[in-house]
Amino acid sequence: LPLLLKATLLRLASGSYHPFYNGFYYNHIMNDDDDGQDKVDYFNGAKLVVETPQDPVYSYNGANVTLPCHYRYEPDLGPKRKIRIKWSKLRDDYTKEQDVMVAIGKTYMAFGDFKGRAHLRQASRHEASLLISDVRLRDDGKYRCEVIDGLEDESEVVDLRLQGIVFPYQPPRGQYRLNFHEAERVCQDQGAILANFNQLFQAWSEGLDWCNAGWLADGTVQYPIRLPRKPCGGVHLAPGIRSYGPRHRHLHRFDAFCFSSALKGEVFYLDRLAGMTLEEAKQSCQDAGAEIARVGQLYSAWKFLGLDRCNAGWLADGSVRYPIVTPRANCGPAEPGVRSFGFPSKGRFGVFCYRER
């Protein structure tokens, strides 16, 4: 029966007969004779085309963003049809896609972390754009816009990238003490998330050079090198991202590369004449209607708000750091950056506080 059906359809397609019709027009039949002339099924006498921007869409933490998506028919079918639209987020490790939203007509449903934040924009005919409000760090990534019309199903991908900063992180215990799950937690504790490869590559292209290997969001371990040297892969290797590949997420231990984006609030510095202990620093921030800043917040304030302070201050993890935008005498190296004094068990310093606007 399958051979007979195929022969009948091929004869109808190649002869002078009218196309077979049962609710859909089959204008072209898939050619399975391996002649290199594969053809496309067009239903309803028209080809469905989905279009999204080729360039990434940039946003930042706390903002609202629109991911453009439009569809059309070739030839045009006239009045708008009732189709199904599905948005999903592709995972860094290429596992099952994360459902974001589905819509039929004016009825839609968002899922998971996107509930209340994902909406469909249909300001014009054949528009299927996705609006995401209050963008979060984990929203960074690739999104699939899928348009379904009967048996037709076409999709394209939009790349959403958050403007942010990648910083290497070691816990107080020292170098290479974190398995993958611990690395995820320490980044979250510092107001950040584990960076993905694109974010690390962007940081490398902007000058990040770090010889200690760290976890990324996909479970790989990598590190960025601008100046090749013997302890960092060898002097004969070109600059680039060195990779250890995927590592065991429970057994293997490395540092972490964390990613933080723009802030919703401000970071400011407090000090006393005699300095403060860590506990006194925390209380001083509370007295000022704020909280002691996290490492990711200090990095973000340094990069996006131009925070420049040549005074060391406590942070929430017990480290002491200070941000320098304009290098100068007695303020550390000749390059801009966030300097670190490590995790002193004693000493009195100022404090960096964070307050929501």
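Yeah, the Cβs are placed from backbone N, Cα and C, and that goes for glycine too.
Please treat TrEMBL annotations as automatic predictions, because they have not gone through curation.
As annotated in TrEMBL, Cys331 shares a disulfide bond with Cys310, one of the listed residues Cys310, Cys353. Taking the Cα atom of each, Cys211 (disulfide bond) and Cys310 (disulfide bond) are about 25 angstrom apart.
If you take every residue in the domain 'Link' (266-355) and average the pLDDT, you get 97. Here the disulfide-bonded residues are Cys211, Cys232, and the one with the most other Cβ atoms within 10 Å of its Cβ is Cys232. Applying an 8 A CB threshold to same-chain residues 6+ apart, the list for Cys331 (disulfide bond) reads Cys310, Tyr322, Ile324, Arg339. Cβ-based neighbour count (10 Å, all protein chains) for Cys310 (disulfide bond) stands at 15.
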